[in-house]
Amino acid sequence: MLEHFCECYSDLSGPILCPVLGSIIPLFIPNSRIRPIRLIGLCASLITFLYSPVPRIQFDPSTAKSQFVESLRWLPYENINFYLGIDGISLFFVILTTFLIPICILVGWSGMRSYGKEYITASLIREFLMIAVFRMLDLLLFYVLPESVLIPMFIIIGVWGSRQRKIKAAYQFFLYTLLGSVFMLLAILLILLQTGTTDLQISLTTEFSERRQIFLWIASFASFAVKVPMVPVHIWLPEAHVEAPTAGSVILAGIPSKLGTHGFLRFSIPMFPEATLCSTPFIYTPSAIAIIYTSLTTSRQIDLKKIIAYSSVAHMNLVTIGMFSPNIQGIGGSIPPMLSHGLVPSALFLCVGVLYDRHKTRLVRYYGGLVSTMPNLSTISFSSTLANMSSPGTSSFIGEFPISVGAFQRNSLVATLAALGMILGAAYSLWLYNRVVSGNLKPDFLHKFSDPNGREVSIFLPFIVGVVRMGVHPKVFPDRMHTSVSNLVQHGKFHL
């Protein structure tokens with residue numbers, strides 16, 4: 001039996017085990033030795049990142065079936081297993097997760113002086129949970145793991161947050177996302193009663209009645225919409241970003257919102273195709289309103305983090321329009337913007353973090369003329385602003401253009417509103433950049449200026465390379481995703 005247990009664990013991927021080991025080892029090191037703890041956390045996250053592209057190299061893009069499937073018996077009497085696999089849709093989400101965690105550790109390298117051991121442990125546990133979510137093929141654990149991600153995020157916001165309202169923001173983030181997921185649990189229990197298993201692949205081949213599909217779809221929608229977030233359940237996101245430390249904002253922008261969109265692609269759309277088609281107007285309306293509303297709201301904000309947070313909501317609601325456009329252009333086009341959204345807002349939050357570390361304020365009115373005192377940061381901010389505007393040649397453009405095409409085939413009015421949102425996005429992005437970087441210096445408020453140091457530049461560089469790489473040579477993404485997306489469209493009997 002021990003041999004079987006060890007064999008099962010030896011089959012589990014390095015990206016699952018390495019963060020777990022990296023989070024356990026620091027617990028046995030005294031708090032006074034913070035440098036070895038940081039090095040262990042960084043090495044564990046880097047090893048995980050270096051290992052994560054291996055499945056992409058060995059990945060067979062000609063099949064839509066889950067690959068590298070691994071199973072560990074968990075609750076055999078209830079037919080519930082720790083069942084892992086990966087396909088063309090989830091492949092790059094794992095890579096994105098492993099890419100962001102080492103950066104978050106580097107961002108907090110000198111800033112997290114208090115409870116440094118706990119910060120490293122929370123970061124690595126969060127990485128393990130998020131990788132497991134994207135690879136999970138069991139419905140019950142597909143519910144449990146995303147909710148478990150809330151715990152380290154709650155701790156990071158509540159303990160290392162930057163303001164007095166950090167506890168309120170942490171509770172708001174936790175309760176919003178947790179309460180929405182209760183309905184998801186009810187849906188999984190109903191599926192278990194009908195199919196006798198929580199195996200996702202078996203559930204995908206099960207036919208549900210139209211009435212049951214609608215009920216299950218609504219239950220899953222309540223869970224995933226909060227995580228995206230969609231309007232009007234988006235209030236927690238700007239507050240969480242404002243109160244979170246810079247590293248917390250980077251990971252909050254990069255991964256948790258993808259848990260919602262990934263849930264739609266993995267669960268709601270393929271499992272309940274008839275309900276998905278019926279609910280398309282229900283998705284289009286709030287998403288289109290959200291794009292316009294949040295774009296206009298962004299231009300009224302005075303906090304740099306809130307501006308980026310509301311911009312993030314607009315971009316993610318554009319993604320939902322693509323996902324629920326029942327054609328290959330919309331669904332396939334929605335995936336690259338999710339990946340780009342893990343890079344662009346994260347880079348912008350890092351720019352804000354650099355400013356806050358030096359000047360201890362995020363209010364827009366205190367900034368101006370930074371191009372003459374911080375030219376390197378101004379250049380980095382400009383490249384990130386171009387990507388946020390979805391300029392051609394950047395990572396955002398390659399997905400938002402197919403989304404517009406797919407949405408236009410379904411509803412020309414929604415596509416027009418989405419395009420208007422993109423124009424508004426370009427307007428407030430240029431306004432913000434001009435306000436902060438151009439103009440005159442304000443020496444009455446800001447006194448000491450220093451460009452990003454070597455560590456900070458090395459953190460920015462991977463984001464710039466990733467944004468340009470995705471924008472200039474995006475072929476690797478449709479090559480790996482096309483079969484899985486086509487299968488999703490055909491399974492739902494949508495229009496190619």
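Each residue's number is its place along the chain shown, starting with 1.
Backbone N, Cα and C atoms are what each Cβ position is placed from, and that goes for glycine too.
According to TrEMBL, the feature domain 'NADH:quinone oxidoreductase/Mrp antiporter transmembrane' maps to 138-419.
What TrEMBL lists as transmembrane segment is 12-29 (among others). Using a Cβ-Cβ cut-off under 8 Å and counting only residues 6 or more beyond its ends in the same chain, the transmembrane segment (12-29) has close neighbours at 36-37, 40-41, 43-45, 47-48, 51-52, 55, 68, 70, 72, 84, 94, 98, 101, 117, 120-121, 124-125, 127-128, 131-132, 135.
Taken from TrEMBL, the feature transmembrane segment applies to 36-54 (among others). Remote same-chain partners of the transmembrane segment (36-54), defined as residues 6 or more beyond its termini with a Cβ less than 8 Å from a stretch Cβ, comprise 13-15, 18-19, 21-23, 25-26, 29, 94-95, 97-99, 101-102, 105-106, 109, 116-117, 120-121, 123-124, 127, 131.
If you look up TrEMBL, you'll see 82-107 (among others) marked as transmembrane segment.
Counting residues 6+ beyond its ends, the transmembrane segment (143-161) has Cβ neighbours under 8 Å at 108, 112, 114-115, 118-119, 122-123, 125-126, 129-130, 132-133, 136, 167, 169-171, 173-174, 177-178, 181, 184-185, 188, 223, 227, 240, 243-245, 247-248, 251-252, 256, 259, 263 in the same chain. If you look up TrEMBL, you'll see 143-161 (among others) marked as transmembrane segment.
Here TrEMBL flags 173-194 (among others) as transmembrane segment. Sequence-distant contacts of the transmembrane segment (173-194), counting only residues of its own chain at least 6 positions beyond either end whose CB sits under 8 Å from a CB of the stretch, comprise 78, 139-140, 142-143, 146-147, 150, 153-154, 157, 203, 206, 208, 212, 215-216, 218-220, 222-227, 229, 233, 235-237, 239-240, 256.
Per TrEMBL, the feature transmembrane segment maps to 214-237 (among others). For the transmembrane segment (214-237), the list of distant contacts is 143, 146, 169, 172-173, 176-177, 179-181, 183-184, 186-187, 190-191, 208, 252, 256-257, 259-261, 263-264, 267-268, 271-272, 275-276, 278-279, 286-287, 289-290, 293-294, 309, 312-313, 316-317, 319-320: same-chain residues at least six beyond its ends, Cβ to Cβ under 8 Å.
According to TrEMBL, the feature transmembrane segment maps to 307-326 (among others).
Tertiary neighbourhood of the transmembrane segment (338-356): same-chain residues 92-93, 96, 99-100, 103, 107, 162, 241, 246, 249-250, 253-255, 257-258, 261-262, 304-305, 308, 311-312, 315-316, 319, 362, 367, 377, 380-381, 384-385, 387-388, 394-396, 398-399, 452, 456, 459-460, 463-464, 466-467, 470, 477, selected by CB-CB distance under 8 Å and a gap of 6+ residues from either end. Residues annotated as transmembrane segment in TrEMBL: 338-356 (among others).
Residues 284, 287-288, 291-292, 295-296, 298-299, 304, 307, 311, 314-315, 318, 321, 364, 381-382, 385, 388-390, 400, 403-404, 407 of the same chain sit 6 or more residues outside the transmembrane segment (413-433) yet have a Cβ under 8 Å from a Cβ within it. If you look up TrEMBL, you'll see 413-433 (among others) marked as transmembrane segment.
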